[in-house]
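Quick look at what TrEMBL annotates:
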TRANSMEM  A:16-34  transmembrane segment
TRANSMEM  A:40-58  transmembrane segment
TRANSMEM  A:91-116  transmembrane segment
TRANSMEM  A:123-144  transmembrane segment
TRANSMEM  A:209-229  transmembrane segment
TRANSMEM  A:255-279  transmembrane segment
TRANSMEM  A:291-322  transmembrane segment
TRANSMEM  A:329-347  transmembrane segment
TRANSMEM  A:353-378  transmembrane segment
């Protein structure tokens, strides 16, 4: 059963399995495990970016297509919903029209981009996508009459997805895990009180409903892509990654496959963008179309591990956590280092971006194949030390380094 | 020329690399059940001619016909699909996939299921079984689960041949299939070629430098020199002909010892 759902593509490393379980449980029970609006926003962003990064990994990790237009498709989804709701009122019909319209626009644009890869290869293709993405960004900024320009747009979501909607009469019980852990570490003799401090009331509202819609979307998209990469189609993509010339010589029309991947990836990004607009309720060029965002997506993909798909979950979680909480962590460490010259300065909250960078350098150094790829390599090496190398017909292939 | 229609034909096939004519108006017909060796010194245009036939290069002029159908405008992928099988001179595989996966990709290409995205690749027993058959035929069954990048050169050469077998083509094009193989591995490939020949309904083209191999397997030898077809006929007759002695053996003295012992 599990094997069918995961398309037989298991984490293949105990550490990774544990890590994924923690992430998945945290996301699934998120609103009941983490108190506060900031935690809620972070959870939502992780769900959105799991989709975005998984779709990007399909292109980059599985097919070796480098595209910088991924945020464009994300933005099309976000603005599609925002504009539809703006024009037609906050009904589910409007949301649906927005999503379908955005998917249609993305389909046409990605088809054109995909066909372009017939003529323009590798780095040149990447540059063309970059140019297209920038053109789109400036278009959105210029057309402020309909897009709000730099100011962006507020998204008036349907009532059922907003804070006013209350599906349950009573509030539900929640337990704030960070508070609990902190209490257990600092005053374990006081369990009763710690527990009481950690419990909170979850006022389950429409935003939580939207969050669970996102969780469902991310789950669906992820499992679909997992099946896709383990299908005969996915194998052809890997063949194109490994040796496009040879794939062509075997009779695969590689342009068709590449185009299909570009389109699919664009559609998923669009869908994720629509989800983003509905949970964030505000879109502007900076949070949907910015080139910085594109680089972040690339980083999440690389940090998680290219060509693993699970890397999308690990990469987006680690990245978004670091982005949102590194500053807090530094502030907390800063309490204890205050007064020590130089260290005090280096660990200042204002320098979080520096440490952000240091973290990446370290992660690339110690996890050259990405977190997922490296954990798998280590697990495989451990197994090989115990038993001889693979010999069965379906022995597991080693992750790409 | 036999009266039955040729399976494969090149008509005045020419390619011009910015002034250098690598293949010059080569016309040749190939019939069912025959093995033709293509010989000539290095740089004679043998591999280029192969590339023109299988579509890796676009001809400047001339045509390639398969069973009378003009393939000249088609891509390599379409030509492979039509039945032109090609094994490459320099090993050309999918390095970070297993040997089994490499062959399975060829089987999937042959059966047109590359677009299937809803099934598990590993659940297609039919593909796996077939792929294992071909691996067995080239003596690689025990290497199925190995990544290709970790296989020794000889095994990679065999796998290259297995990929072509899996395409079940009508025309087999071997480009120095035994190059770089150890002496005890060579017979596996030669037996395979002999097997295909026995089926009587395939066309086999073989580029090979080892004269003993050429002599023992060929029904016919075609000699290329400076991109031109300079001799064509029965093996014994071609090898003895003065034009070959001069063009092929004379131009490339380092080939002579091989001929002497073959």
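Numbers here mean position along the shown chain, with the first residue as 1.
Using N, Cα and C of the backbone, Cβ positions are placed for all residues, glycine too.
Long-range contacts of the transmembrane segment (A:353-378) within the same chain, counting only residues at least 6 positions beyond its ends with a Cβ under 8 Å from a Cβ of the stretch, are 11-13, 15-16, 19, 299, 302-308, 310-311, 314-315, 318, 322-323, 326, 330, 346, 398-401. Beyond the ends of the transmembrane segment (A:291-322), by six or more residues, the same chain brings 9, 11, 16, 19-20, 23-24, 42, 45-46, 49-50, 52-54, 56-58, 60-62, 68, 70-71, 74, 133-134, 137, 222, 225-226, 229, 238, 241, 356, 359-360, 363-364, 367, 369-374, 376, 399-400 to within a C-beta distance below 8 angstroms of the stretch. Of the candidate ranges A:16-34, A:40-58, A:123-144, A:209-229, A:329-347, A:123-144 has the most C-beta pairs within less than 8 angstroms of the transmembrane segment (A:91-116). Counted over residue pairs separated by six or more positions, the transmembrane segment (A:255-279) shares at least 3 Cβ pairs under 8 angstroms with the transmembrane segment (A:40-58), which defines the two as touching. Taking Cβ pairs closer than 8 Å, the transmembrane segment (A:40-58) reaches residues 26-27, 30-31, 34, 67, 70, 74, 207, 210-211, 214-215, 217-218, 221-222, 225, 228-229, 237, 261, 264-266, 268-269, 271-272, 275-276, 279-280, 297-298, 300-301, 304, 306-309, 311-313, 315-317, 319-321, 324-325 in its own chain, all 6 or more past its ends.
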